[in-house]
Amino acid sequence: MPTAPLRITVIGSGVIGLSAAHELAAAGHQVTVAYDQELAECVSSVAAAIWFPYHSENSPAADKLLADSLARFEQLSEHPETGIDLRRGLNVDHLPGADRSWTRIVAGTEEASPADLPDGAHAGVWATVPIITMSTYLGWLRGRVEELGADFAKGTVTDLAQLKGGADLVVLAAGLRGGELLGDDDTVYPIRGQVVRLANTKNLTQWLCDDNYPDGVSYIIPRREDIIVGGTDTANDWNREVEPQTSIDILERAAKLVPELEGLEVLEHKVGLRPARETIRLEHVAGHPLPVIAAYGHGGAGVTLSWGTAQRVAELAAQLAGEPAS
């Protein structure tokens, strides 16, 4: 328990907001999660989701977030109700020069042999990483946050001043709206992602990713009952509508990489806007009606970075505990 529990409002109930709320409530703070989207509507629900630093910055600070998150997901995978499974798969490079820095964080990675690679692939690496079924995981995580005593308040926060008097600290995990709410950051932009969800009637378990594919990013992520097939990564594209031709292209690329996908039933087409920024913003921000911790700009790696981010948010809150609201 902190020496001076704070009243903390977390803005955002995606995977970053819920993870932060979990760590803050577990530390004994009085937490309220302010949200304007149901779990099924938020971009986190569109995530594949695989532990992989996709569109994430390459820095020592980010590496720590990655490692801390990986350790937590591995721990949680021991509990089936979380929706997390550790699965082996292949990260493929069709072009040379791919960033392999993430492999130093994952135990047991190994170089793929030429026989393992799809046609035209330059190289590949085998790894066992967490695969998260988000429809299960987000519900489980919200339930845990509620069990820890946090409250949830639906509504849109348009100005941080709205929260003065009702909170000692704000955690801003609002994704694309993060910079807008702070008013000092116009560097946040969307990276549009479109995916197709297939029925996993063939009980596939091995994942495959190629974020360096010449014809477009491709990934096949088998989960417990479905397979997420992607995708797109179009920067500054605000279109939230499904583009039918894009889905056709996604499935054609994926079938070349994993022929077993042929004939599987299409369950759903989904679009999400990843909240990107050149660097993750994870810091105490002064100069507002009350203290703010910014936690946004995770790009396509929100799930991958979520627990490390949450732990850092809790550390920053502990540093602020006992300080009066400005």
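Just so you know, glycine gets a Cβ as well, placed from its N, Cα and C.
When Swiss-Prot records TYR219, GLY300 as binding D-serine, the matching candidate from ARG192, ARG197, ARG274, ARG277 it lists for that site is ARG274. Considering other CB atoms within 10 Å as the measure, the emptiest surroundings among the binding-site residues ALA49, TYR219, ARG274 are those of ARG274. Sequence-distant neighbours of SER44 (FAD binding site) (same chain, 6+ residues apart, CB-CB distance under 8 A): GLY14, VAL15, ILE16, MET134, LEU138, GLY302, VAL303. Note: the CA-CA distance between GLY300 (D-proline binding site) and ALA49 (FAD binding site) rounds to 10 Å. Taking the C-alpha positions, the distance from VAL157 (FAD binding site) to ARG274 (D-proline binding site) comes to 20 Å. According to its DSSP assignment, GLY14 (FAD binding site) is coil.
The sparsest Cβ neighbourhood within 10 Å, among the listed binding-site residues (GLY14, GLY299, GLY300), is found at GLY299. Least crowded of the binding-site residues (ILE16, VAL157), judged by neighbouring Cβ atoms within 10 Å of its own Cβ: VAL157.
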